[in-house]
């Protein structure tokens, strides 16, 4: 049916190639349309059969169900369903992983207990267990997707800033991360899972939204995706801790710079769904009697603390502030050490498993319960540690403790609670910093949280020992000091200071299920944050710096200088631009001299410099390629040959008709026949058709979007190397360079110009003025004024996710500011106290008349 | 000393007026400089005396203290100190007001108890008490500052959006609001104080930052002020409920659209300071034993609720969602009724106190404890109501209740708890909606919160009656239903649905000091929000609509249509512009034909329409005034006269020298002497001087900032009406209109042109091309592209606080979009389901080839 040529389109039929092209496309379209029609028909038939088979009632129910689904989707909104799904999936994932990790961790302890009596075997079992897990995790992650290494929060921060990190949210990475986290946490090393969970949730959200797109074309919107990604981060934290509110706030603090209140509910809804299912699973699994907090505490509600104890809480805040900064510093030094010592890093790179092996050996040796581990409660898992640090009784010499409690808290009593806690804190500190540098998926939150809890507990135990009857004993009622409350405060303060977040305070309330210590916690967290922010960047920002991710640092809180630095002080004045009057030669030079710039401003003329828009590099390259690229050159050569052939009539021997695909039937085979037509019009069509098909073959369609267009050269290279469909027949290796090259393409064999011809032709072509008619120009690039303050500039870049902006005055382009300049300016303003270098020496404001007059008299 | 003319400036001396002017200014400057020098000297002397008197040691201490203060300020940062101060002041204020309000409220009950035995006297006392308070509050607020009326949150939302509401943050308003809130809440009517407190905190913050500016010039920055204002809102909520976290989140949700995470800590710090001091005051005042929550609950921690009870909690959420929407609807209907019925509103306007009188009479009659009040716990204050609704025991027939408890909860038992709660809910509902419309400072949060608690309690009591042994009774342990938990859920859900916030859930945790019910609360709040947001705007947005405040509505959550509407669909294509080539006549026409536009785009030429910048209306008016205004006209007349006088030598009789202020000495008296100089240069100076002084007198300095410049006409009018210094001597009322007018100015008497002359001169002048050399042009107004989606456009406007933006294509101005268009587009897209009117019929994208081809075949 498709073989009958449409008579009305006979005009096209004469140039076979183009005709073929159209014919084929239309053929495809027809087949496609027919197929769709067929399918619809079959579907209808099926429906009819269905109806006949199942009766009318059933069909009505079915169609009603479909209608209901559509109605629910349109009324309730896809967002709700999407978020609920995301929450439920993450909760299931979190529960399954928790289950696996707990099994792994207890397996180590059980193995240790079983082998009682032979300390050496015990030692090998105790250390071998984590080594195997970590080595497996390292290898697996390395093989499947190295993107899964590390926390994931720094990368999510960068992605939410608008930077595209390829492969970071792929399914492969998900697999890698899930298995990697389960095994590396199962090893029992002090690493956490809240960062990885943020990453996992983001991947699940991305995959889910792709799935929904395929079945309902709604989620195609870019900004919607990023909104969902932000919500996914919240869901990740929330499922981890069963802390919906704290999770949302933590994810906002950690990943965002500016935050749309409009999207607030998204995070909450997803987080509540996640936390709800997560805790419900625990109930169904008979772990818990009902839905309660993860690390439930039972502190006295009526008198949680005396106002005078606030001094001790403030002390915890101060120490945790310094401690958090020290932790970030130590972590960075370990990374730097591995990096700067070239020999070390080269050695470690070669023996990829050596570093994980050594680190896990050292850490597990230290925690070995018969060695140093007995002085630091080494046989407890992370969850047990936190549970016992938050416990209500005094770990010290509590005469009222039952034997059960005595046994439970025995690990902390060797030799006594103060020494044990002290050793635990010191060891845990550097062990955590070391473990987090391992090339496995590893978070930092929970180990730091435990560390903070231990420190708080230590202070609490000291207070309890100091005031055995409580502080406020004037009344008959004795209100003892609650050391568990101190542990809660310490945990919130240290995790807050390491991550530079305030929402850890909310997380502890949700984790413990008690909010009685709200004021001490808030106070300590704020103090710790203030100190840590003065001294060091947050742990995540530190990783961003280490990884050199493209992220804009935040303006420091006290940085009033940023109001006094202006765009004109930091902008690049020597802007590379393309003008409406430029020639192709200018364009070529521009592209050659600035290989790194990805977009160029377009001005009307070099004299007036009125900014018209911005053009992508790829667009310009495509433009140049179309003018002097291979495809066009071949066409020109063909044109010349043809005109020569016109003067000497006869079959063109250069354009030999080559059957490209011998196996395919005649309809699909590619044929070239240049008609010897004398009328100009037909020739024009023929040429343009040739050019078009060349373009299509070479992958440089003039209409392709900027992202999908490649340079022809690169395309040719790939073509050649892969399939060698396109082969240049410059086999003559002798000096005869003037001999033109011949290209073999799927559609035929083409002769190139000789080098001389080529140069001459190209220089001629390059003199032509640019033709912007088919170029995609961004007609309103972001613009600033010279007197915009750095502070405002920073806000703009953060808010709108800009990479660069043009500086204009009265429409004239005067400069350009990119992320780099702003980053450098912020760093300089933060580093140096004197900002004289930024400030202009002369200001435009009229001088104060009074002063001027007064001094002149 | 000032009388000696500087010989070098003798060139200026010849034209006395200008010389005078300079002389005087310099004289002032000299005096000022001398005064300052003197003062410094005296200060130093004082310091010296100080040192002599108190000894060196003391001086060292003092200087060290000053150094310390500066050091602290520079190191810790002003922000911290500022926020701490703000928190403490607000806490003190809140505590004092709470104290006063509690005293007022108990006084009413006490009065009622004292008068026992005579029901009529009791009735008059019970109703008279609130009437007096409300009438006083109405009168006081009306007299001092009517800005204090209402909640304050809608206005703060508008102010934080960037709109300047004059007088809204003045000291006068503070006084009015504080006294107004204290008295209106003291009346016992169901109104709240969280909205007013946000307003009060904002005013305190504004005043405080002004104070700090005067003693340290740091807080001059605009954006810093708005950051502090946002923090102040958080402090306001926090001091009210002693809920720092919930306060911060509530204020963010209620006031912001986009939120800078950078400023997150500000709110927290201020809020913690406030809440801390607020609760510490309670401890010091012996109200509380230690720092605890405001409405402390003591629910069972180990088994707070059974998972199956979640269905009941979800039910509460659904009902509260509808209830919240209904409340907003009823409130708006009451306001609309008062407004639309012209006779009613006119009558109420005339008798300002009638409406408050009637409302408070009705409400207090209903709550009268011997009447209907006995069926709705009418004798309890708001605080008592909440306390008892949150109580742990069952209000119903609890056999285990002690006699104390029986007595305490007696108000809820007449006739039984279900009827009492039912009557309470129904009455409280409309009474609150009515009370909030009173012209006094009144919030809505706490009454709605109480209402929600009552509804939750009702459901809880029903559940307790239905399952007397608890739901989960398979085990030996009986876990009874806790009705108090239901009350907490209901309170959070209803207040959340009325205000459209999720953070009410956090507030209830902080208020009750227990977080056990986190999942039910979050679930109910989310459900209530989802329903309420579908049906009605939030209470605050409703007030914004009622008051017609300039605010951009938020895009509805499910509004995916906003992605499909583009700027080109809503923009105004017929843009009024001024071009670089325009004449003064064009300018005059432009200003006359568009009296409402406040700024105009500046393009290079009407043909090319390249956007160069934006010019304020005032600048253009000033420009026109300078060209053809009165000042210039008088100068021109003077010039003409002078040149006539030059041809006919002799004293100019028109320019009579008039001693303006006879009482002042000769130095200050104004004299005009036009020198008969023949050299062109001197004349020029003389003329420009005359013009300058005229300009100064008439208040149209060419250098003044756009805001401070008035039109000369208006200035003249004011001059004339107030002091009649400037009097036009067109006393001749007869037809001789050709006679020129004569203006008497402080600096002399000037003759105007005749009408004909004037017209001729003006039309001549208006033909001149515009001179932009002295005009302030905004060189980079915000620009968008035609294909920007409404969603992105809305984000931009919200983020950057824009009022309008230009739409450009390749630098060419093609349209303008203002707040109005966007608001209308959002409303239309929300209202109508079919958005076909917005969508363009033709799209630029190439049509799908497959479809096109398939259909053609």
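For all residues, glycine too, the Cβ spot is worked out from N, Cα and C.
Note that TrEMBL annotation is computational and uncurated.
What TrEMBL lists as transmembrane segment is B:80-102 (among others).
Sequence annotations record features per position, and here TrEMBL assigns transmembrane segment to B:123-144 (among others).
Among the features that TrEMBL reports, transmembrane segment is placed at B:229-252 (among others).
The list of residues near the transmembrane segment (B:264-284) in space but at least 6 beyond its ends in sequence, with Cβ under 8 angstroms from a Cβ of it, reads 79-80, 83-84, 86-88, 90-92, 94-95, 227-228, 230-235, 237-239, 242-245, 247-248, 251-252, 290-292. As annotated by TrEMBL, transmembrane segment applies to B:264-284 (among others).
The transmembrane segment annotation in TrEMBL covers B:310-332 (among others).
The transmembrane segment annotation in TrEMBL covers B:353-372 (among others).
Marked as transmembrane segment by TrEMBL: B:417-437 (among others). Same-chain neighbours of the transmembrane segment (B:417-437): 151, 189-191, 323, 327, 330-331, 334-335, 338, 359, 362-363, 366-367, 372, 375-377, 395-396, 411, 443-444, 447-448, 450-451, 454-455, 457-458, 461-462, counting only residues six or more beyond its ends whose CB sits under 8 Å from a CB of the stretch.
Under the heading transmembrane segment, TrEMBL lists B:444-467 (among others). Long-range neighbours of the transmembrane segment (B:444-467) within the same chain, counting only residues 6 or more positions beyond its ends whose Cβ lies under 8 Å from a Cβ of the stretch, are 151, 190-195, 309, 312, 315-316, 319-320, 323-324, 327, 382, 385-386, 389-390, 394-396, 417-418, 421-422, 424-425, 428-429, 432, 435-436, 480-495, 498-499, 504, 539.
The transmembrane segment annotation in TrEMBL covers B:487-509 (among others). Long-range Cβ contacts of the transmembrane segment (B:487-509) within its own chain (Cβ-Cβ under 8 Å, at least 6 residues beyond either end) map to 241, 243, 245-247, 249-250, 252-254, 297, 313, 316-317, 320-321, 323-325, 327-328, 386, 389-390, 444-445, 448-457, 459-460, 515, 517-518, 520-522, 524-529, 531-533, 537-541.
The transmembrane segment annotation in TrEMBL covers B:516-535 (among others).
Look at TrEMBL and you will find B:830-857 tagged as region 'Disordered'.
For B:846-857, the entry in TrEMBL reads compositional bias 'Polar residues'.
Between the transmembrane segment (B:123-144) and the stretches B:80-102, B:229-252, B:310-332, B:353-372, B:516-535, the greatest number of Cβ pairs separated by less than 8 Å involves B:353-372. For the transmembrane segment (B:516-535), same-chain residues at least 6 beyond its ends with a Cβ under 8 Å from one of its own Cβ atoms are 299-301, 304-305, 309-310, 313-314, 316-318, 320-322, 324-325, 328, 485, 488-490, 492-494, 496-498, 500-502, 504-505, 508-509, 556-557.
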